[in-house]
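So the structure is just underneath, and the comments pick up after that.
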């Protein structure tokens, strides 16, 4: 028979349902168990049934219990779980409403365990541990590609920016660095739509108040090969697709860009779209972030030019050729070649030579060797990778220049930091190359840091402190790390060594690796001599690496031809990003360090930085490979939990003591819990004091231990002690506040009582005097009120009567106006209808006359035809011609109507055009130029140089007589005969042609100048020169005096001319009045556009020369409004005629006081 036992939840272990030794039961499936296997059934602990927030509290401490706990919480959309202070985050692949500002406030200043697990809790503890312990913190976020490391980093940044409480510009800059780095360093891969293809360490700096004051970003190993090739269903970096989607069409036209499908570098993975990403809006976010981080418009344009050049370079095509029995190639001429060359500002032929030949320098001589098609493609890809890699480094340096603040030189200024490490996750693809080796090497270092911090250092400290402890076994990856990079003849050093040999190949490198490490258990040699792969047993599993291309990628160097091409470019930006390469020169260029050595050195610096910080760990778990929400792949998750050492971590966190204080630190921090305990520096038995405090607060039987120099506590012990400490400090603070407030209030009370007594005495006397005055003034006011009431009633009666009379008069006037206008309207209507009726009658009479004439013609025609044919035929023929004439009359009538309509339309358009021309602003300058432009050419007579315009022809035929005599008088007198001298070099015409501005010549003209003859830097000198010229014209009689004589009695006419000139010498005077004129011009341009043209600033420049305050009369205002600028002279000379003496004083005064005019 069978034994039936009813259990709610059980564990069982059946071979048919085991995945790597663990059975995963499903609640929707039935599993029949035979009596032979009944012994494998185990009752499930209650903590495994419902799940726990901290896996240290799990009753079933095994892999199945850990996995089930994560599964239960994941199905409930709870993605965060604690393992002590380590946070396990399962990627939900969807947006959850748990990152709002309210959540940030909930997790602020809370210890781990007070609130449900959250990434904000880790960030909060980082921040407050930094402030409390005055020690740098770091948060190491690890996990596979696609596990959510980048998003976790952004959430921690968001929390730190919010919790610092400053909301400053630097915080916004730190946050805005993320979109730029993601655009240039992230791409869609098979496992992740936003995979970071580089590592970054963000060091956020805080001042002593806890506010963010700067940051610095370090980048590691950008995957440059992705620019040139991508695996199926993968994309290039986001920035290319965002630029092609979001850039304005006119800018794309300048760069020669089209769609993403047009470029070879973007279509290798056959994937140009990414679900869940909006490239258009992302491009706008990138541009706004660049503005925040101080990228200029020129720099943005130069970056776009280089990105566009990369795309065009990818479309280049090579054709094979043979020269002198050597394989060679040529670049097919195409628009992409010309566009790429123009964007890099180099010659297309230089690009072709650089991509198809290689220059070798031997014994001081350079030899050009042709390249085949494959080598040409490699050179092109190396050039493109070099451009993009150096551009990325420049962008990171530009961001650091904006957000990094150097530490202050003052010794008392303390600046602490929180570091966020978001580095590429462990990678194992179908084909793994040199990049995967470096990435997995970095993950080995981080795993060793985790192992060392969580297991090694902790257990070593327990042994040193001589506390009761049972050693916990754990997986150590130190052997694999030694083989890769630490011990002599390691893999990295062998690859570097082979890269330095000129004849070193990937095959010789693999041979050396096999011969050196084939006996190492962590090294997997190739199965035969034909294979080009080797394997490494990493902490996360075995990874096979394809060695083809290893050395070329490790050398990471550019040929001298490429450096020479960059050096010949006219583009300063591309020279700037290649500055380090170009600076070495072509001939003396040293061998640059290999990529692996650079990466190893950067990684060592990173590990040193992390070792001096207090670390927090976030383990990101990827629930499935399909990137779908609410799908939990148990096999994938258990593999990640295994290689991350989560089982051992839970064990050591459960048994260990994560909180430890030295005796002095513990006494100084928690002595407030026991009254009478003195500070640590005045005590002798610190160990005994610590024991007393712990026994009093935690009890004797609780799990805490005291070592030789430190006391070891659990997480909940630290939380309990902190809560009690806060309570004790709060009680003491309240007591102090109570005493201080009592003393303060007592002092205030005594001072107020004496002040009140004195005020009462003074007030009573004042109140008695005031009451008497009130009573006296009350009677006077009563009399005044009675009289006012009487007058008010009289006024109201009068006002009512006046209002009634006004209403009757206005009604009468309005009715009169209405009837008058009504009669006028009726009269106009009657005349208009009569005119229309008469016109219609005339048109109908004319029509009747034409028809009668046609009828007479018909009768005459019929009578004429009767003599030639029968009467019937004659009548029919006459009727036919009559109808033709009627049709012709109808056509003529229609033609007349059309002509009338056309004439009416033409008149209407003419009226509209005249109305538009009437409303259009008048440009007096153009009008004057059109009318008097003929005076500008040199000729025999002044002012009669060219042909007169239309309407002025009669002025050319001036009768000679007095005019001729006047011209003769104007001619210069002959000079007395002197010694013959060559004066050709001193002719005034030659001076005028050399130095005069504009079209001015040496010929004397009788009109004002538009600009001074000579150039003056000072605005006052320019205005004074124009005013002096107008004064000279008036003085010579070539320009009339003002016709409008206005008398202004403000005393200005009594001020001497020289005084006025002195007042105008300062530059500020002209600048201020010019600004007033310009402001006035702006106002007039907005309100009355036609007035602005007439009152142009040029017409008023000269009037500023003599500064004068006056009240402008209505006549002057009218002239200014109507544009009556008879003269463009000085304001004083415009207002009234001046004597010749005043003109002479004005001319000579400006010559004396203004050296530039002499």
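Using the three backbone atoms N, Cα and C, a Cβ is placed for every residue, glycine included.
Here TrEMBL gives region 'Actin-binding' for one range in the set 557-579, 580-602, 603-625: that range is 603-625. With a 10 A radius on its CB, residue 147 (ATP binding site) counts 24 other CB atoms from all the protein chains.
Within 10 Å of the C-beta of residue 148 (ATP binding site) we count 26 further C-beta atoms, all protein chains included. Same-chain neighbours of the ATP site beyond 143, 144, 145, 146, 147, 148, 149, 150, judged by a C-beta within 8 angstroms of the site's C-beta center, are, in sequence order, 91, 192, 425, 620, 622. Within the same chain, residues at least 6 positions away in sequence whose Cβ sits under 8 Å from that of residue 143 (ATP binding site) are 89, 149, 425, 619, 620, 621, 622, 640. The number of other CB atoms found within 10 A of the CB of residue 145 (ATP binding site), across every protein chain shown, is 20.
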